[in-house]
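Record features (TrEMBL):
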| type | residues | note |
| --- | --- | --- |
| DOMAIN | B:583-612 | domain '4Fe-4S ferredoxin-type' |
| BINDING | B:Cys592, B:Cys595, B:Cys598, B:Cys633 | [4Fe-4S] cluster 1 binding site |
| BINDING | B:Cys604, B:Cys623, B:Cys626, B:Cys629 | [4Fe-4S] cluster 2 binding site |
| DOMAIN | B:614-643 | domain '4Fe-4S ferredoxin-type' |
Amino acid sequence: MKEYNIVITGVGGQGILTAANILGWAALRAGYKVRVGEIHGMSQRFGSVIAYVRFGEEVYGAMVPEGKADVILSFEPVEALRYINYLKKGGLVFTNARPIPPVQVSMGIARYPSLEEIKRIVEEDFGGRFLAFDAEKLAIEAGHVVTTNVVLIGALTQTPGFPLSEDHVRDVIKLNVPPKAVEINMRAFDLGVKTCERTCLLFNFPWVFDCP
Amino acid sequence: MVKVTDIVLWDKPGERVLLLGNQAIVRGALEGNIAVFAAYPGTPSSEVTDTMAAVAKRAGVYMEYSTNEKVAFETALSASWAGLRAMTAMKHVGLNVAMDSFMTVSYMGVNGGFIVMVADDPSMWSSQNEQDTRAIGKFANIPVLEPSSVQEAKDIVKYGFEISEKYGQMVILRTTTRSSHMRGDVVLGELPEEIKQGKRKFGEFKKNPERYVDIPAFQRKKHLWLLETIEKYRKEFESSPFNWIEGDGKVGIIAPGLSYAYVKEALAWLGMENIRILKLGTPFPVPYALLEKFFDGLEKVLIVEELEPVVEEQVKLWAYDNDVRIPIHGKDLVPRVYEMTTRRAVEAIAKFLGVSTPIKFEEIDEKYKKVQEIVPPRPPSLCPACPHRNTFFAIRKAAGPKAIYPSDIGCYTLGVLPPLKTVDTTIAMGGSIGIAHGLSIALNGALSEEQRKTGKEKKVIVATIGDSTFFHTGLPALANAIYNRSNVLIVVMDNLVTAMTGDQPNPGTGETPHGEGRRILIEEVAAAMGADFVAVVDPYDIKATYETIKKALEVEGVSVVVSRRACALYRIGQLRREGKQWPIYQVNEEKCTGCKVCINAYGCPAIYWDAEKKKARVDPLMCWGCGGCAQVCPFGAFEKVREGEL
Ligand code: SF4
Ligand code: SF4
């Protein structure tokens, strides 16, 4: 594999940088050259956040170039649209379905687009594939909402063409979390893995995604 | 994945690990046997400081969070003067604070290797401007090192110590947001015995007034030394392992720092071969001998660099002086603002070579522009339960929308956004008090002036400043305001931590990386300086905060109100680690009238609007239980429920 590009987006505080770090380590353990790009500072304060994970035989810059992302992994639906310019033709937008409306929306100065609208833009305007599921619900089912990022990562490992093995990623997560949280995180990971099927049923988009 | 602090201290030479640029810099400093590190945190340099703080004790390094960059610079410098290897780290605007000492010390030189690490922020991800520190290196005649990868970020530190000692001059290590906050694979090197054993190193100071006293008679001679020294560095850099020429062909590209990575990627994407590259790890001074070798036989050259044409100007000057008459491109093809990207490198190189780009970026841009029209903005906001929100809310209620609100650099700058809108100016750390005082003089006159009393209606001015910022540069400004009989209210928003850069301690916290420090109370300082009114409030009690501010506003002179409550993000982090819970608030739908006060005037991000039911609601996953909403809701609709009951 020459190079694989992941853009991770979401809202500050959702564990995006942790997710990027986990995927980066998993790629390192798989023997690839790795670059992870992130922005700190204001990033935790519920603003829009983006991180990049790139790996392959040779990678240089930390940012995924526009039009080159294999996957946009989005922790919040509208954030996928905000960075849709990174998606390559045929790339996958994989998103948590639960919206976090910005204050501007509550105040009535901005509108929040629907999931269907987002899906249409991804597919029609950018030639991508779109998939959404409620990762947060699964995280709560696993034991704690903070594991949402692990649910998403678990699901990501099942996407077609994803080059890292489930076990590499699982091992890294195990090492990354405090011992008492390992169980919850593994449960979250497995729920994410299994969700592949469920997602297809839930959203009734069997054409988007080959269920294993 | 082991803890980063362990990796940074790992005695495993040859091990391949994933490190953040800033963490790699710390590892490099340890491999280079650093003894003293002092800094004030500032994004994007903060993780250098935090990582060092986490390992300092075990590595026998003295580490301090200084109150500002100038003090940090002086602390680390003294260690170098005492013969120890030392380093300070700051963001680009931090160097402006240290500038006074920095410019003069350039004439005096150093003893132990001394690195001034400066992190620039092209595109201003979390900064007020995007100055290019390489230009300051050139201005001050101090050599600048710049890594092109995380591996180099580590290795270049050790190199920096060595050449700093060799010529007795400090060096700047310049990074950018991208190189500081990029994770990449790094191969660990050897750690020195002293670091492994955690043995604290001590130096010795040999008096030498001719060198260490900056009276004109001494300094006149030393200015010459400075100029001679920078030429020695220029020679040295001819054979620096961080500079090289690669590839061959009739066209050449010069790529300093991280731009090298973008150029390599762009060339691969464009499928271009037969290009000669000059990779520069030393953007100032550019080694002339390397230029000579590089230019030999070339027909045209492009310089791909971020921000200012620092290398371009040096190269063009050299070309003119040496009668090199081929086209040299730079800022005519590469933008001078914002950060370098692969796309920018691709576009510049494509134009330079007269080829087309591999994908049509304009097409993506066009579609993207349309999409952005329907994407709602999501700027960062004050966290749920942030004490600053309550303080701002109380201030605005007490002082009204006509009052003028100078503020400062920190989380609380976010008070500029609706609905709070309690920030009218910010310029730089500590600037709020200076601006407030200046406005007070300009609009109302000084208290000591007779005519003020006859004047028109008094303008109310309320400055806000954070605890860390107060100690950083607020202190001299406060002394100035009190001394000159200003008429302002200064609210110090003390959240007991330097929150925006990642929860570092400060004098108001009292903690240090080596254990307990002595805590300094802001209210005591203000009282000792002679403030006319001093009070401490808890912003979680909005009504009491409001009443105290009302009282303070009636006082003529300088009033200082300390609004003290721990940073919510910090507190929640602690509770989570301890496995503890916090209360969660919910909207009682019966009581909620849909007045939207909680959204339109208060704006906690955990509160959202249910458009169908026309009621406010709380996202239980975001509520951090401060109870602020219950205090601002006129109808008592917010009620406390316990976590787990949902
Ligand atoms: S980090 Fe702390 S101080 Fe900053 S917005 Fe959040 S709660 Fe407020
Ligand atoms: S919803 Fe209410 S209690 Fe919860 S964080 Fe916001 S203001 Fe505080």
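Quick reminder: no glycine exception, Cβ is built from N, Cα and C everywhere.
This view paints the features noted in TrEMBL onto the structure.
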{"residue": "B:Cys592", "record": "[4Fe-4S] cluster 1 binding site", "contacts (Cβ under 8 Å, 6+ apart)": "B:Lys615, B:Ala616, B:Cys633, B:Phe635, B:Ala637"}
{"residue": "B:Cys595", "record": "[4Fe-4S] cluster 1 binding site", "contacts (Cβ under 8 Å, 6+ apart)": "B:Pro634, B:Phe635"}
{"residue": "B:Cys598", "record": "[4Fe-4S] cluster 1 binding site", "contacts (Cβ under 8 Å, 6+ apart)": "B:Cys604, B:Ile607, B:Ala616, B:Cys629, B:Val632, B:Cys633, B:Phe638"}
{"residue": "B:Cys623", "record": "[4Fe-4S] cluster 2 binding site", "contacts (Cβ under 8 Å, 6+ apart)": "B:Pro384, B:Ala385, B:Ile584, B:Tyr585, B:Ala606"}
{"residue": "B:Cys626", "record": "[4Fe-4S] cluster 2 binding site", "contacts (Cβ under 8 Å, 6+ apart)": "B:Pro384, B:Ala385, B:Cys386, B:Pro387, B:Asn390, B:Tyr540, B:Ala568"}
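Summarising the environment of B:Cys633 ([4Fe-4S] cluster 1 binding site), the number of other Cβ atoms within 10 Å of its Cβ, over all protein chains shown, is 23. Reduced to three states, the DSSP call for B:Cys629 ([4Fe-4S] cluster 2 binding site) is helix. Among the binding-site residues B:Cys592, B:Cys604, B:Cys629, the residues whose Cβ sits under 6 Å from any atom of ligand 2 are B:Cys604, B:Cys629. Helix, strand and coil residue tallies for the domain '4Fe-4S ferredoxin-type' (B:583-612), in that order: 6 helix, 8 strand, 16 coil [DSSP]. Mean pLDDT for the domain '4Fe-4S ferredoxin-type' (B:583-612) in this predicted model: 94. Same-chain neighbours of the [4Fe-4S] cluster 2 site beyond B:Cys604, B:Cys623, B:Cys626, B:Cys629, judged by a C-beta within 8 angstroms of the site's C-beta center, are, in sequence order, B:Pro384, B:Ala385, B:Tyr585, B:Ala606, B:Ile607, B:Val618, B:Trp624, B:Gly625, B:Gly627, B:Gly628, B:Phe638.
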